[in-house]
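Participant: One structure follows; several queries about it will come next.
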Amino acid sequence: MARVPLVQQGAPSVRLQRIFVSPEPPFFCFPPSWESNCYSPIREPDWSCCGGIRGRPTLLQRPGSREEKGRTAGAHWDASLRQEQIERCNWRGRCPWADPGASEAPAGSCGSAPLKRRHAAGLGLRRCEVTSPGRQPPTNADMMLWALLLVCSCLSLRSSGKPAFPEQEKNPTFWNEWAQKTLKEALSMQELNKNKAKNLILFLGDGMGVPTVTAARILKGQLSGQGGEETQLEMDKFPFVSLAKTYNTNAQVPDSAGTATAYLCGVKANEGTVGVSAAAVRSQCDTTKGNEVTSILRWAKDAGKSVGIVTTTRINHATPSAAYAHCVNRDWYSDSDMPSEALEGGCKDIARQLFENIPNIDVAMGGGRKYMFPKNMSDVEYPGVAKYNGVRNDGRNLVQEWIDRMKDKGGHYVWNKQQLLSLNPRTINYLLGLFEPIDLPYHLERDTSSDPSLTEMVEVAIKVLQKNPNGFYLLVEGGRIDHGHHEGKAKQALHEAVEMDRAIGLADLLTTTHDTLTVVTADHSHVFTFGGYTKRGNSIFGLAPMDSDVDHKPFTSILYGNGPWLQTCGRHQGERFHH
C-alpha cells in the first residue's frame with residue numbers, strides 16, 4: 001500500500017502540555033453473483049460471511065494460521081450452516097484472497113478434494129459441491145436459507161432506520177453550551193504552562209494520517225457501544241493540535257526511515273536512511289562516516305535522563321533505529337542483510353548498533369529476536385521453525401552479551417508477556433524485551449496469554465524509567481498501523497490505532513502535566529479514506545448507503561487508492577472486484 005505525504009494529512013498532538021500532531025473489516029456482504037463483489041478493502045481476521053451480523057450461523061472460516069492467512073487458494077464454506085469448515089473452492093479458478101502470483105486453478109478443483117460447481121437454483125450464487133468421502137453437499141434449501149441470511153445481513157448494513165445520535169443533539173441549547181464550554185477552555189489556555197519538562201514521551205503512529213485518526217475515533221466509540229463520531233480519542237483531549245507537512249530530501253512521499261531521522265534528530269534525510277544527513281546515499285556504506293546525526297535519545301542520555309524505546313515492530317525497524325543507529329540502509333537489520341562491500345567497509349548492522357552505539361539504553365521493547373542470534377540458532381518461542389532461527393553470520397549472540405553486561409546492574413531480559421508482567425519495576429534498572437522473532441502480531445491477532453499489548457509495554461516502561469530523578473525520554477511507536485494499511489487491512493490498522501490510543505491514555509494517568517511533555521504524531525499517511533454519505537452511527541467497516549453509479553453494486557465506506565489487490569483485482573472476466 002502506498003504512503004502519502006502528511007502535508008495536509010495530519011501532524012503532532014502536545015501535552016506539559018499534551019500535543020497531538022497528526023501528520024472488524026466490513027463483513028463481506030454478497031449480493032447475487034457475489035463472486036463479482038467478493039473483494040473488500042478490509043480483510044482478516046474476521047472471515048465472517050454476511051453483513052454486519054455478529055453471531056451469525058454461517059461463517060467463512062479463516063483459511064489457515066497467521067503465517068498462512070491470505071494465501072490459501074480457496075474459500076471455506078459451511079455447507080450445513082453449522083460453522084463447519086469444508087474443502088477449499090476456487091471461484092472462477094481463483095480465490096479472492098489467493099496468492100496474487102498463483103496460476104488459475106482449473107474449475108472444479110477444490111484443494112485436494114474433487115468438487116463440482118453449479119448455480120444454486122435461481123439465485124445466481126455459486127456453491128461448492130464436495131464429493132470427498134464423508135461430506136454431504138449443501139442442498140438447494142441450504143443455499144436458499146443462506147441467501148436469505150445474506151439479504152437480511154446486507155439490509156442490516158444499509159439500514160434506513162433512525163439516525164444513531166443522542167436525543168439532546170436535537171436541542172440548539174446543547175450545541176450553544178458546548179460551544180461556550182469549548183471557548184472557556186481555549187481562553188484558559190492563555191495561561192501557558194512554562195515549566196521545564198523533566199520527562200518527554202513521543203508517541204508515533206506510523207502511517208497514522210488524518211483519515212486513520214478519524215476512522216479510529218469512530219471505531220473506538222463503536223467498540224464501546226456508541227455511534228462513534230462523538231467519541232474522543234485521548235489525543236483529542238490534548239490542549240494543542242497542529243498539522244505538519246512531511247517529505248524526505250529526495251522524496252515527495254516520505255518513508256518511515258527518513259522521517260524518523262527528521263523528528264528524532266532534527267535533520268531531514270534521504271528516503272531509506274536512518275541517523276544520517278542527506279549527504280549520505282542509500283546503500284553506499286562509504287557515505288556514512290562524517291554524516292552521522294545525533295538523536296534526542298542520545299541528548300537525553302547525555303543529560304542524565306533514563307531513555308526507552310517501545311514498538312510493536314522489530315526493535316531495529318525504521319522508526320526506532322533512528323533513535324540510536326547511523327545506517328545508510330534501513331533494511332540492514334543484521335549482518336546477513338548487508339552486502340559484502342558494506343561489511344568490508346566497516347558499516348555495522350542496525351541490531352549491533354542497538355547494543356553498541358548507546359550501550360546503556362534503559363528500556364528497549366519490541367520484536368526482532370532473530371536478528372540478535374547466531375545463524376540457525378533455534379528461537380526460544382518457536383523451536384524448530386527455521387524461518388524464525390537466528391540469522392547472524394558473525395556468530396554473535398547479542399542478547400547474551402547484553403545479559404552478561406547488565407546482570408550486575410539490575411538488567412532483565414524477557415521474551416513473553418508473563419515474564420514482563422511478573423517484573424517489579426522498582427527493582428529493575430535496565431530492561432530488554434524481545435517478544436517475537438520479527439514484528440509483534442497485530443493487536444487483533446495476538447495471543448493474549450503470551451504477547452504483551454502496546455499498553456502493557458508502555459506501562460512497564462514508564463514505571464521503570466520514572467524512577468530517575470532527572471527524568472526520562474520514551475519513544476513509543478504504534479508501528480503496525482502502517483503495516484495494516486500497506487497490506488490493505490483496515491481492520492487491523494484501525495485496531496492498532498485504537499490500541500495506541502489506550503497507551504496514550506495510560507501514559508497520561510501515570511504522569512502529570514506539571515513536568516511531562518507528551519507529543520503524539522505521525523510520519524506519513526496512506527492512500528486510505530472513507531466516505532459515501534454514510535449515516536451517523538454506520539459501522540466504520542460497513543457499506544455506503546448507495547450503489548456505484550458505474551456498475552450499480554454496493555461498496556464499502558472505507559476505500560484504498562491502491563494496494564496488493566491491484567495484481568488480482570480490477571476487471572476480471574468482465575466483473576469488478578473490491579479489496
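Each residue, glycine too, has its Cβ placed from N, Cα and C.
Where the annotation comes from TrEMBL, it is an automatic prediction and has not been curated.
Annotated Zn(2+) binding site per TrEMBL: D206, D482, H486, D523, H524, in sequence order. Look at TrEMBL and you will find D206, H317, T319, E477 tagged as Mg(2+) binding site. What TrEMBL records for S256 is active site, phosphoserine intermediate.
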Participant: Measure the Cβ-based neighbour count of D206 (Zn(2+) binding site), defined as the other Cβ atoms within 10 Å of its Cβ.
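Facilitator: Around the Cβ of D206 (Zn(2+) binding site), 30 other Cβ atoms lie within 10 Å.
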Participant: By a simple count of other Cβ atoms within 10 Å, which of H317, H486, H524, the binding-site residues in the record, is least packed?
Facilitator: H486
Participant: How many Å lie between the Cα of H486 (Zn(2+) binding site) and the Cα of S256 (active site, phosphoserine intermediate)?
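Facilitator: That separation, Cα to Cα, works out to 13 Å.
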Participant: Is any of the recorded positions S256, D482, D523 within 10 Å of H317 (Mg(2+) binding site) (Cα-Cα), and if so, which, in sequence order?
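Facilitator: The recorded positions passing the 10 Å Cα test are S256.
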Participant: CA-CA, which of the recorded positions D206, S256, D523, H524 lies nearest E477 (Mg(2+) binding site)?
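Facilitator: Nearest candidate: D206.
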Participant: To the nearest Å, how far is the Cα of D523 (Zn(2+) binding site) from the Cα of T319 (Mg(2+) binding site)?
Facilitator: 9
Participant: Relative to the Cβ position of S256 (active site, phosphoserine intermediate), how many further Cβ atoms are located within 10 Å?
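Facilitator: Summing over all protein chains shown, S256 (active site, phosphoserine intermediate) has 28 other Cβ atoms within 10 Å.
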Participant: Tell me which residues of the chain lie with their Cβ under 8 angstroms from that of T319 (Mg(2+) binding site), as long as they are six or more apart in sequence?
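Facilitator: The list for T319 (Mg(2+) binding site) reads L204, D206, S256, A257, A260, T311, T313, L475, E477, G479, D523, given in order along the sequence.
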Participant: So for D482 (Zn(2+) binding site), how many other CB atoms are inside 10 Å of its CB?
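Facilitator: A count of 31.
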Participant: Counting across all protein chains shown, how many other Cβ atoms sit within 10 Å of the Cβ of E477 (Mg(2+) binding site)?
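Facilitator: So the number of other Cβ atoms within 10 Å of E477 (Mg(2+) binding site) is 29.
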